[in-house]
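S.K.: TrEMBL lists these features:
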- B:36-100: domain 'HMA' (DOMAIN)
- B:119-139: transmembrane segment (TRANSMEM)
- B:151-172: transmembrane segment (TRANSMEM)
- B:184-205: transmembrane segment (TRANSMEM)
- B:211-230: transmembrane segment (TRANSMEM)
- B:367-386: transmembrane segment (TRANSMEM)
- B:392-417: transmembrane segment (TRANSMEM)
- B:689-705: transmembrane segment (TRANSMEM)
- B:711-729: transmembrane segment (TRANSMEM)
Amino acid sequence: MEILTILIPVSLGLGALGLVAFVWALRSRQFEDPKGDAERILSDEWDDHPRPD
Amino acid sequence: MTDVGLARISACPACDAAPLAERLADPAAHAAQADGTLILSLPTAHCATCISDVERALIGLPGVRSARVNLTLRRVTVDAPGLGADDLIPVLGRIGYEAHELDPEALSATAADRQGRDLLMRIGVAGFAMMNIMILSVAVWSGAEAATRDLFHWISAAIALPTIAFAGQPFFSSAYAALKARRLGMDVPISLALILATAISLFETSASGEHAYFDAAVMLCFFLLVGRYLDHRTRAIARSAAAELTALEVPRATRLRDGAEEVVPVASLRPGDLIRIRPGNRVPADGEITEGRSEIDRALLTGETLPVAAAPGLMLSAGEVNLTGPLTLRVTAAGRDSSLARLTALVEAAEAARGRYTSLAERASRGYAPVVHLLALASFSGWLWATGDLRLAVNIAAAVLIITCPCALGLAVPAVATAASGRLFRRGLLIKDGTALERLAQVDTVVFDKTGTLTMEQPRLVSAEGLPVELRLVALALAEGSAHPLSRALAAALAGEAPAPLQDQQEHPGYGVSARWQGREVRLGRADWLGVRDDEAGRAGSATWLSVGEKAPIRLDFTDRLRPGAEDCVAALHADGKRVILLSGDRPAAVADLAARLGIAEYRAGVDPLGKAAAVEALAGEGAHVLMVGDGLNDTAALARAHASISPASALDAARVASDMVLTGQDLSPVADALVTARRATARIRENFAISILYNIVAVPVAMAGLATPLIAALAMSVSSITVTLNALRLRR
């Protein structure tokens, strides 16, 4: 059962990583236009290089 | 949780809109626009191509630095210093997109926006904690014992305590507020369950007990937060829709002071002020014309489609539209005393009557909260009396509170409302009021206004064939010189041909246009100006006359143009078994003609605003649930009085404020669709309640008998929540 001393911190750490990623996404306003983002992926306008802005 | 259901956005939408509109009218607020950011609403944008089209068209314009479409809100944000909305809207119009200017001030990141992000953050934290505690709980459920179990419980406690303290805040604060007001909302049992479950689990953990409810407490928190977020989002969208509508129209007036013009908010006008009204503008206050000649469109006030000749001495009411010539008006009544404000007072009185509607969620929560507390108390005292074991009794009471907690109930209504309003928004209908869907579902009678609702503002030329070819070119040339609606309709009907060359073209405001063509005088305008007698009141459409030299004038007939989707809408309503009534302030001939074209059997013409409200009232008195669809000031009282109401986006702001729902596009067909969706949504809400109650009937006896383990509580809670959400999502199809 000693393995738990490694596994539990690892699982908590991975969970916390997910939480940090979520908080980052929230802060960088990635939930502002979910519908637009879903549609934009279908446009082939900026396939070759990112939009310059 | 009384506020989680479909509570009204506001007891009085007009109260929300008025300060907003005033803030918009304040010129100081517009200084912020100097940075060049414009926001346009795009009611018709819906796909990837729309995004590319709009962005490409806007970025292609010189002076535009960036343009970004937000498809969720159907808006485009343009960074273009030095350009105005008037420069951009025609560009979008040419590629086929309707656009309206919105005021960035009114729409800038609001408190509601922050609140939404705050809720999302709490959901994220609760979700993270729930998953980690669940991993540990699975180990406990599958047989971890002694020191391992205690260790897992302690780790769970370490995660759960800060999570409950952070994520549970919205429930705790609202429960505190409810208790202070001596009420039992839904948040009281929720908070009690969270606190009791956490406390008893902590105690059990420290005593090396077998059962800890940390997972159930955090899961409860997570599901309820999801419900609350959905509810918040529906309301935030509705609120931003209301703000968007107010932003469309800014109440400003041009005041003349010592010969100089200044733009002032309508609220600052006083009786005796002189104001200038340009052709195409709306009259901002009641008054008497002192200078100028023109024609006045009273359709929004009375439903009357024929323009009225205006000359000095004529009294005008706020809300009328000046058509052809500039007018100077001496204000006789402004603000509170104007006819507009008198109508608003009518609206408020009518709204108070409608505010008595209690939503399904409110009714459910009112019955629910006492029952939950009584059940928990009964199991606590029952077990204490039977066994004398305080620890066991508290344990079972906590289990009962967790099991009965309205997880599914908290999700039942918001999930349905979100799915239904999302579906209607995609079809072009904005829901402004939380209980509107439920009220709409009960509708059995639909009352339409005619002018501006079933018909469009611009009339259509009927008899282009009656006009000799060479005169067509003359008519086109004359019509192009005027902004009068009939002239524009004529120009649109004859477009594509080369206009005849004319000399000395001049507009006679209030009468028509004249010019010289091949040495003869040609005139286009009112019958009395051309010296013919014409009884317009007896005819269905409106007409203008064309005369060439001394020859007899030729009559050009116009008919009302139907709003797109009007025929389909009325047919669908008839097929649905609804009673359809047409109430109009227009003259009988025009109303009868339109009713015949649409197949509406019941119609009344020449109804004044009070008459409309009274007619709706009478229908309600007969037990009918009336849906009023209208756009004018004359419909406002009826819109507010009706059981549910819809107005088109082109409606006067007072009408849009008074109605529950607004059509975002020009098409009228979403109205029939909305009735079907609303009925289905209400059915789903009832189904969801039934599912929750069924689940409680099964689970509560188990919990009260002391058989509910943390595993059973976790399973029952997630299964019922997911069932309810999936049932709601069926609406999206």
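Quick reminder: no glycine exception, Cβ is built from N, Cα and C everywhere.
Bear in mind that TrEMBL entries carry predicted annotations, made automatically and left uncurated.
From a predicted model like this one, the values you see are computed outputs, not experimental measurements.
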S.K.: Ranking B:119-139, B:151-172, B:367-386 by the number of C-beta pairs under 8 Å to the transmembrane segment (B:184-205), which range is first?
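M.R.: So the stretch in question is B:151-172.
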S.K.: Looking only at the domain 'HMA' (B:36-100), what are its DSSP counts of helix, strand and coil residues?
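M.R.: So the counts come to 22 helix, 16 strand, 27 coil.
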S.K.: May I ask you to check whether the transmembrane segment (B:367-386) and the transmembrane segment (B:711-729) make contact, with contact taken as at least three Cβ pairs under 8 Å and only pairs 6 or more apart in sequence counted?
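M.R.: No, the transmembrane segment (B:367-386) and the transmembrane segment (B:711-729) are not in contact.
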S.K.: Looking only at the recorded stretches B:151-172, B:392-417, B:711-729, which one has the largest tally of CB-CB distances under 8 Å to the transmembrane segment (B:689-705)?
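M.R.: Comparing B:151-172, B:392-417, B:711-729 against the transmembrane segment (B:689-705), the winner is B:392-417.
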S.K.: Could you give the mean pLDDT over the domain 'HMA' (B:36-100), rounded to a whole number?
M.R.: 82
S.K.: So which residues does the transmembrane segment (B:151-172) touch in its own chain, when a touch means Cβ under 8 Å and the partner is 6 or more beyond its ends?
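M.R.: Answer is 119, 122-123, 125-126, 129, 132-133, 136-137, 139-140, 144, 187, 190-191, 194, 198, 201-202, 204-205, 212, 214-215, 217-218, 221-222, 224-225, 228.
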